[in-house]
Every structure is written in C-alpha cells, then in structure tokens.
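As recorded in Swiss-Prot:
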COILED    232-266  coiled coil
COMPBIAS  596-619  compositional bias 'Polar residues'
COMPBIAS  620-640  compositional bias 'Low complexity'
COMPBIAS  654-664  compositional bias 'Low complexity'
COMPBIAS  674-685  compositional bias 'Acidic residues'
REGION    581-641  region 'Disordered'
REGION    649-668  region 'Disordered'
REGION    674-696  region 'Disordered'
TRANSMEM  1-21  transmembrane segment
TRANSMEM  33-53  transmembrane segment
TRANSMEM  125-145  transmembrane segment
TRANSMEM  163-183  transmembrane segment
TRANSMEM  191-211  transmembrane segment
TRANSMEM  386-406  transmembrane segment
TRANSMEM  423-443  transmembrane segment
TRANSMEM  468-488  transmembrane segment
TRANSMEM  513-533  transmembrane segment
Amino acid sequence: MIVIFIFILIAVGLLSTKILHRYISIKKIPWYVYISVWIGWFMCFSIVILVPIDILCTDYRQCKHISDSQSEKLNEIITNISNGTNSGSNNNNNNNNEIINKYDSCEEPWAYISNDKLEYIYQTFYFGTLLLTWLVYPLMGSFVLAGDFHLSGRITRSIKENAYLYLIFGVIGLVVMIWLLAVKQLDWNSMVGFAMAAANTWGLCLVIILMGYGLVETPRSIWVSSQRSLVLKHLQFKAVELLNSKKKANEELIATMKVIRRIQEKTKKYDPYEKYIKIIVDQCPPEQYALVQRGEGDGEATYSVLVALNSRLKNAITNSQRAEFLYDQCLVEAFELQDIQNSAISLDKNVNWSFREQRQGRFAKKLDIMEWIWYNYLEISVFRVAAIVFAVLSLLIIWSEFALAFTSFDISVLSNIVKHSNVSNIFVQFILFFPLGYEALTCYSTLFKIRIFNYYRLIPHQHSDSNSIIFSAAYLCRLGAPLCYNFIQFINMNSGIEDNRTSFSVVMGTMNVAPFLGTYFYIYFPLLIVIVCLSTLFNVYSRIMNCLNISKFRFDVDFSHEQIDEGKFLIDSERRKWTQNNIKPLSSKSPPPSLDSTSNNPKQIFKSGSTTISKQSPPNLNVSGGNINNNNTNNGNTSSARSFIDSFLKKSSNNNNNNNNNNNPYEQTLLFDESNDFDDDDDIESGGAGRPTYNAHLSSSFNGGANSTSISGYPQINKMFGGANRYSQLPKK
C-alpha cells in the first residue's frame, strides 16, 4: 500500500509542475521563487488528494472496530447456526446474514495508510503551508519587488516592509495569549488550536466566497463557450480595450526610459553611481531605448532615486510585456474562432488555420478530418453536456453545505453514500474524489482568475510575473486546509467519536477553543455560500456597478455597440497585417528572461518578428472603405503593421490634442475593470430567457470634438475616410 501512496504523491508532484509550467518558466523567474512556489502548490494539492483516502481509511478502521467488538457474538451465532438451533427463525437468519456480510465487507482500501503515518504527513503539510503563507511568501514577495542593487539591501528592505505587519500581528497575538492564559486558563496545545482556528476561519471565508462564485461561473462559462458568435463578439469588444491598455503600458515604459536617459546624460564618468545606472540601462529594451533621444526630469541621481527607478522600470517592463501578450492572445483567439466558423462550409473537411503550422506525416489527413468533425459536430454538444454535469455537481455541493445546519438528522447525499456503501467499492472511492476535486477546481480556478487592481494577475503561456505567482501560492496554501475541513464537515466525518474521526480532523483539532468562533460557526457560516451563488447567478455585482455609473454591458447574441464594430475592423486589419508580415503569436514563442536587478544583461521583451519603423521612409497606407492597405510591403524598411499603427495612433492622438487645445467637451477613457474582479477577461452575465451574456466594462465619460469623432485605439482614423464618419459619438453616461 505504501507503494501506491508514493505513486500518488509523485502524480501530485507532476500535476503541480504541469499547472505551474502553464503560468511561469524557470527561465523567466528566479529559481528560488519557482522552488518555493512549487513546494507550496505540492503540499496544498497533496492535502486535497489525501483527504478522500483518509476518509476511506477511517471508515475501514470503524468497520474493523465494530466487527472486532462483536466477534464473540458472531462466534456464538455461527455456533448456533451450525447446531441448527435458530433454523426456524427467518428474521434471525436475515440478521445473521447481515452481520456476516458486514464482517466480510471490511476489506482494506487500495491505498490504505495507517493513522499515525497520516497524522504525521498532515502535520508536515499543514504547518509547512502555514510557514510559507505567513512568513516565506510575504518576505519573498517584497524581496522580488525590491529595486536595490545588493543582496543585503534587498533582504533588508523586504524585512522592513513586513516588519510593521508582523509587529501588529505580534502585539495582537501577545494580548490574545495573555487573555487565554489568564481568563480561559488554556494550555499550550489549546493556544495552538486557537491560532489554527483563527487561520482556518479566514481561509473558510475565502473558500465560501471563491467557491460560491466558481460553482455558478464554471458551468455557465462552459455553456457560454459553446456559443461562438457571442464569444467572437466579446473578443471584438475586448480587443479595443486591450489595445488601449497596451498603449498605456508602452507610454509608461517610454516615460520611465526618458527619466533614465536624463540621468544617464547628466552622470559623468567615474561617478559612484555609474555602475548602478549601467545596470538599469542594460535592463531597458535596446530597440526602444535607442529611440529615446532626449531625457526628462531633473536628472539628479541618488541611491534611493536609482532604487525607486529600478523598481519602476521592472514594473513597466512587466506591464508592457503583459499588455502585449494579452492583446496578442485576444487576436489569436479571434482568428482561430473565425477559422472554425469558416470551416463549417469547407468541402475538404479541414480547418484551415491562419496562423498554425500544418500537420505533417502519414496520419496528418486523418487527424485534420477528426479535428474538423470535433469542431463542427462534437465540441458544442460536449461543452453543453459538461456544463450540465458541472451544474448538477454544483447543486449537490450547495445542498451538502445547506445540510450542515440540520444536526439532528443527516440529509447530506455524500454523507449517506459514505455510510451505506461498501468502502472497497471503487465506485464509492471515486465518488469521494469527484466532489472534493470539483470544489478545489471551482475554488482554485477562481483564485487564478483574480486580478487586484491589475497588479496581481496570472497570465497563461508563462507570462506571469514573480509577485503574482507568489501571491497565488500564498492564498492557495491558505485555502487547502479549510476547503478539506469543510468537506469533512458536510459528510459527517468529524464527530467527537474517536473511531469516527479522520486523521485530518485529529490534526486540525477541535474548534471549541475559540469561544467567539466555536463549532457553530463552522456549521452555519457555510450557509452563506447560498447567498454568494444567488448573487453570482443574478449578477448582483453588475447591478451594483450600474448603480455607481460604472457601465457593464450585457452581451447577448443581439447586442450591438460601436466598440464591437471598431473591434471587428481592428481584428480584420490585424489579420491582414499578420498574414502579409508573417507575424507569429507571442504564445508560440518562449517567454523572455527574468528581470533581475543585479544582472547586466539586456532584456528584450517584444516579439522577435517585429522590426522598427524607419523614420525616413515609413510604409505607405491607403485608407478607403474602412480598410488599411500597406503598399510598401516589399520595402526593406517596412515593419510590421502593428508597430506602425501604434506609432501612427500616438502621433495622431498628439495632433488631435494640439488642434483641440484640450477644450473637448467630453473625455474618452476606456478602462479595464481594475477592481477585485474574478474573471481574467470579463464577467459573464445571464441575459434572461436562457441566453447567457458577457459583461464588459466601459467608463462613463468619452472624448470627442467638433472636428473629430474619436474612437478608442484609433483616435484620428475616422478623419481619413472623408464624408460621413463610420462611427458615431458614444453617448455620455
């Protein structure tokens, strides 16, 4: 059995590595961040995997205990049966058979682990996650963000930044400890239990909120994914926002490099800060920094100024890289979705991908046909069936949470399955794995989509920064134990009977040591998940935002908006330029190296397929009928259309601001929802009558003028069409 247990841990380690590899690369972030995050993820996932095994082992030990306690009675019954004394009683025979069957059913589970070993493993993983969450990850996050040029300086700064927080916690902990010793007269073990109860209470609050959102959003997002026209419309709307975000990030990077240029110009040779300035300059993207001819600022260089500037540059490069990838990924998703829609009328039964390599080999044709069948006949049905299955699982979990309040009788479906089924049945073992696995999926997937002021955000294809992955690991560790404790609660495996308590419950201890929390808190607080689910189902968050004049558009198949038309034009234009210039998406390239403040190697973050625009001979553009055509594609000085459009838009925007003298009666600003939004993209709403919808966020003020109709991403482009403008002014909110 120990071999199976080791195999399970190896599988958990591989799973942790696979998921972690989706978001970060060892080449991109410091090695110590990668290892510490991997350890935290591994211990958290291991706790989730071990709990179902723990439940099976506990049920097996309980069965053996009952069988052993009745062994004498069983022997007497067997003797009576052999002598024929009870042959006339059918009821007694039925009872005898039931007892014998119960005895025979106590078979050892396929992954049985002794109670002592499980408790030791739980203690190691649980207290390891506590250490990482409350000590290692906060210090490491501050260390990674520090702009100091020496190791000692970065360590000192990270300790100082966290010292205030630890001081507050220390004072509160000291007061509580004195109160527990003086008033409650608790011993050391009880105080440790109190600390665990406080930590688990905070974790349980997070679990209820995140899981409540995920239980509704997971099946709904899968159902919405089957409506391709709606998804494409949302991508068109989102492309404009991402283009604006990309421009802002690039402008911040250029502004930072201008400050660096000014300091470099004023720094003389053999200056004591020259080596630090060289480190900062070497981190700037070479091609972009070469275009910065004149600096800005006072140019005064002190150590504190250079430290702050180094940190600012690292953040600017990270944000620019992130914005570039998100915009690129949005375009790729739109291109692929258009290719799938066009393949429906394909006579050769093949999906003609615009930006994918064609398959090669003897089975290439068959694989292409199978792929075409999947996208045109199977995918939509599979998505809808999966959405229905997940919706049923969500209802099962919500009912189990609701059943916790009924302590006098057991109405939990999962609890009754565990109690009245044979533990050796492999089907029952999988029944235990699936609900907890689905809980972890809904909770963790919501955590991975969280973005706090666009600062902590996990980006797939290894484009996440170190601080975001540390933040996710810290909260992942906080959620593991409370999630499992809640699962054990609603299957009634946490009673006070020693033989009926799981090893996990023994390690976690009782929660009665916290008087203002107590057992009732863990029974009735999960009922709030019903409120969270209903709020998510009926889009209460969106309605609150609308009341605050932060418009959230409800996307359905009939929804139309000027920004969707603009995004459609943008995506079509980018498709032509990608095709002409043979541009490949960022997701197909390896991520850039890490931004280490102590390194002197230049860092390049932009696509290798892009080249710079020649100022002497920029590409010629013909604008007619809403199309932009590049007539200089064969010129050696021609760059990618994306780089030219960005520079063209920036120049046009500056001209527009100068011509209007900043007297425009409106102000246009397209924003991301930078609140604690759960979704990596935009929230999904329900449009009523069974029609799912998307949310998109648009600020309430818009910019326009008498001589120009400005649209986000293309401030002056409508002036070139002559005649009536294609896009009308958006109404002021």
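Note: Cβ is positioned from N, Cα and C throughout, glycine not excepted.
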Folded-back contacts onto the transmembrane segment (125-145), same chain, C-beta under 8 angstroms, at least six residues removed:
30, 32-33, 36, 39-40, 43-44, 46-47, 154-155, 157-159, 161-162, 165, 199, 311, 314, 466-467, 470-471, 473-474, 477-478, 480-481, 507-508
Can you tell me which of 33-53, 163-183, 386-406, 468-488 gets the most C-beta pairs within less than 8 Å of the transmembrane segment (191-211)?
468-488
Leading contact stretch, 163-183, 386-406, 423-443 vs the transmembrane segment (33-53) - CB distance under 8 Å:
423-443
Please give the sequence-distant neighbours of the transmembrane segment (386-406): residues at least 6 beyond its ends with Cβ less than 8 Å from one of its Cβ atoms.
211, 215-216, 218-220, 222-223, 226, 412-415, 434-435, 438-439, 442, 486, 489-491, 523-524, 526-527, 529-530, 533
Sequence-remote partners of the transmembrane segment (468-488) [C-beta within less than 8 Å, at least six residues beyond its ends]:
20, 23-24, 29, 33, 36-37, 40-41, 43-45, 47-48, 51, 55, 126, 129-130, 132-133, 137-138, 140-141, 144, 199-200, 202-204, 206-207, 210-211, 401, 435-436, 439-440, 443-444, 447-448, 455-459, 494, 502, 504-505, 508, 522, 526
